[in-house]
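The coiled coil annotation in TrEMBL covers 219-289. The disulfide bond annotation in TrEMBL covers Cys345-Cys404. Taken from TrEMBL, the feature domain 'Pentraxin (PTX)' applies to 315-516. Annotated region 'Disordered' per TrEMBL: 67-90, in sequence order.
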Amino acid sequence: MKFIVVILAAGMVAFIGAVICIIAAVHSGSPPASAAAAQPLADNHSLSPGTTGKAFSTGSVARAGPLDALHGTDATSRERGGPEAPTFYGLTGLGTGGSAQQVTYSRLICTPVPAGECNPKNLQQQADDQSLYAGEDWGSLRTTAEELRQTVLQQKDEILTDQRTIRALTGQLSECESGLKGRKVPERSAGLGDARKENKEQVMMRDDAGSSMRTTHVMEELVHAITQMKDRIEKLEVRKARDLINAVFNEVVENIRVEDLEGELKRKIKLLEEERKALRKETQKHQEHIEYGLDTVHQRISSLEKGLSENKFPEGYRLSFPVRSSSMYAIVKQEIPALPALTACMWIKPAKSILGTAVSYAVSDQSHEFVLQQLVHGPIELIINNEVAPLSLNLTMGRWQHMCVSWNRRAGSWHAYLGGKLKIEGSDLATRHSIRPGGTLILGQEQSSMGGLRFEASRSMVGELSDFNIWDRPLSHTELSALAHCSTGMLGNVVPWTSREVEVFRGVTKQLADHCEHRTGARQ
């Protein structure tokens, strides 16, 4: 856009120079007049230095040479190649003696006529009198003069328009120079600004015969200055574009670096998480491997014990849980069927005031299918299908005691016996529910899931347990009393107490049973 404005300014300046040349050509030309207007000598007060004081009679006629005599010619005009000085060929009139006189003048001197002394009527009559202009083409002269006047007026309007255009272009150039942000303008550019002002004044001088040459020189300098300005503007635009490109490039590079760093950080975090998961899996595998090794050792020990069980414990055995631990437990390998009713009996000797979990049977859908336990600050609880019935049984620490519980799905009735005697009973415990088969039966620990080997030490049993049997029916009072007084060796039809059906792990030991010794001594 700036380049287009500069080109328009140059074209306008060229047009102004052409107009000035036309004006100079019109003023400096010397078109010959066909005839000079004749005036009576009495109406012309022009004087000649050689005829001062001479009087001419009325009717004397002045005949002019070239038409340029009205303007006159000086030495400067002749030096510049202008026309020669106009000359009147003769002024004829009657002298004092009545003889004809002719005087030649090199210049016509016009004397102003004061206001009111000019008679328009006489002038009009003289103008209309064609006899005074014999041999002259007066109509052609008037037409030419009118055309010249219209041309001068038109050129004057065009010059005024061009002056306004020049002022507007000068203002735009000043704005371009002010946008250089404090940089020093070369002296040549400052000189060109003064030259433009001087050239503008010279353009307005219409009567200067040598203005065409100076205008051409000014135009060349202006075009040169405009070219320099255009080059400087292009350099500034290129520099600004380069700076903008560099800034955008640096910003893009920084964004790319930040994105790369974020991506690298995310990748490292993901790798660390994967390594952490892998370490957890590996640790879990090691732990399972260790537990499997321990279980294998215990199984070998159990298998060795099985071969000697009949000879080692001819009168029965007991399980010892010496301390509360999350690893000590015993598994009953007998498969449990579906049970609509049951009776569970055992001999138990608590080592602490809190018994812990004595029996825990879990299936896949329920970890508390059948549980018998006593937790901190609570009574002994019978749990069927995660429904709880509290048992108000007072166990003596460090002493063998016989305990039985029975349950039936009809009305959910349940009973608790201690020493062969009924201590408490109730109903609505897992009504119409049957204990589901296929579960895992563990002694000494509470299961959080079926077959789960992770236990809580606070819920484990501490003490001794013997003669644990389960029947699929309620026992009679006679049978319960006989079991409590060691007068029968009846085994459970669901879970019998034999050494082959019970495996111990992680510090649980099998020892010779001694819970019926005091009963035998009493009978003897």
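Each Cβ is built from the backbone N, Cα and C atoms, and glycine gets one as well.
Around Cys345 (disulfide bond), taking its Cβ as the centre, 24 other Cβ atoms fall within 10 Å, counting all chains.
Cβ environment of Cys404 (disulfide bond): Thr343, Ala344, Cys345, Met346, Ala416, Tyr417, Gly420, Leu475, Leu480, Leu483, Ala484 lie under 8 Å away, each six or more residues apart in the same chain. Computed over the domain 'Pentraxin (PTX)' (315-516), the whole-number mean pLDDT of the model equals 92.
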